[in-house]
């Protein structure tokens, strides 16, 4: 966002003075390079080591959940096992990786600068006024397909273990349902970067200008003449657009909507995971297969309505207001569609039948490390952060070396057994209504996308199109896409009940208050 924001206004000011298709192609190639750089940290760092409670039973290169059991004679140094990654060398490696990712993100933003302003103005310049809304609607809907494909691709890649190129499958005893699982996030960047590089090539063969569509030929020459004779300096053009009331109000409305979309795009997957106990891959698949195609449908419908009924600017604004009001009414029930917070011993639940809580005498002799996290679901329906915290002393193993269940758990009532993994939230019947309503709300909100752009393109001077769109995207990034995820993340963090701590700092949230997560 920073790299994009710094350049988009100045580059879009050039408008039709430059070869727009070629600049779009160059930007796409830069995006491709950024994608390859984003995958580079995986090859610069060592294998991922997931959280384990102790090390005495871990052989070189072998992962074992048996180390999480209650072992009364274990040394107290277990608790400091997780601090091995807090050395100065490890900190330096982390900074190097962050630098690579920062450079990649900056290049990604810079490469994306020409795509939207020049693409939108190029289409609108050479399309008839009747067909332009439909063409732009198709453009915006195809743009929405990108995140949808990314979510679907991410869903597929997250099913593979992150270090599939470094360790064998036999060495990994985790499944993709385990909270400690990390998928092959880097594979998606390699695939996407390759596809972007291929798609960039055709843009170098587009002409600088195309013939105007039939029905608008009489207006072609005046527009080109006006554009070519523009000698107004940058500050004057900037103020002329920012002082236009219709333009400014529409952009501010888009800022509010984009801030919401930015937050949802960043945290919707996490929300579905925690509310409905989904895997990360399934949550991404739902977003990519349902919510994003719904938004695409809404954008196309909005553009088709403008083309079919030859809507005026006043009617465009009315259509935007109607779509957002219907979206608000549809989304309101989502505040109440969710799951309760699961019962976790010592976190949200302090009365595990007659055996007390996680910190009681039932597991005092185990001397469990406080940082250990390997959740299990007890036969009493209560979740425990690790087998050790439940006082489990033995386990049963399948023939494929996966864990069947834990036994001899002194903190669990009844059979005193537990199965690996979380207990879940137990309200899967609400998942389908939630997805349907959220998809419908997305469709209704998206119908205002094309009309709002037509309000901008038709209310400003023709020679200012690229520049006005550039200012628009700059404001969207500064006021929505950059602060939106930060504000959403800060609000979500206040709903956290248990933080993982690394190097005396907060890392990932282990458990959320689901009601607060949903409402905030």
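Backbone N, Cα and C define each Cβ position, glycine as well.
Any TrEMBL annotation is an automated prediction that lacks curation.
The domain 'Kazal-like' annotation in TrEMBL covers 356-410. For 23-44, 97-122, 134-162, 182-206, 246-265, 285-306, 318-338, the entry in TrEMBL reads transmembrane segment.
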(request) State the non-local partners of the transmembrane segment (134-162) in its own chain: residues 6+ outside its ends, Cβ under 8 Å from one of its Cβ atoms. (result) 42, 48, 119-120, 123-124, 127, 169, 172, 174, 176, 181-188, 191-192, 265, 269, 279-285, 287-289, 292-293, 295-297, 299-300, 302-304, 306-307, 446, 449-450, 453-454
(request) Please list, for the domain 'Kazal-like' (356-410), how many residues fall into helix, strand and coil according to DSSP. (result) 6 helix, 14 strand, 35 coil
(message) Under 8 angstroms, Cβ to Cβ: which one of 97-122, 246-265, 285-306, 318-338 has the largest number of such pairs with the transmembrane segment (23-44)?
(response) 97-122
(message) Do any residues, 6 or more residues outside the transmembrane segment (318-338), come within under 8 Å Cβ-to-Cβ of it, and if so which ones?
(response) 253, 257, 275, 298, 302, 305, 311, 427, 430, 433-434, 437-438, 440-442, 444-448, 451-452, 455, 514-515, 518-519
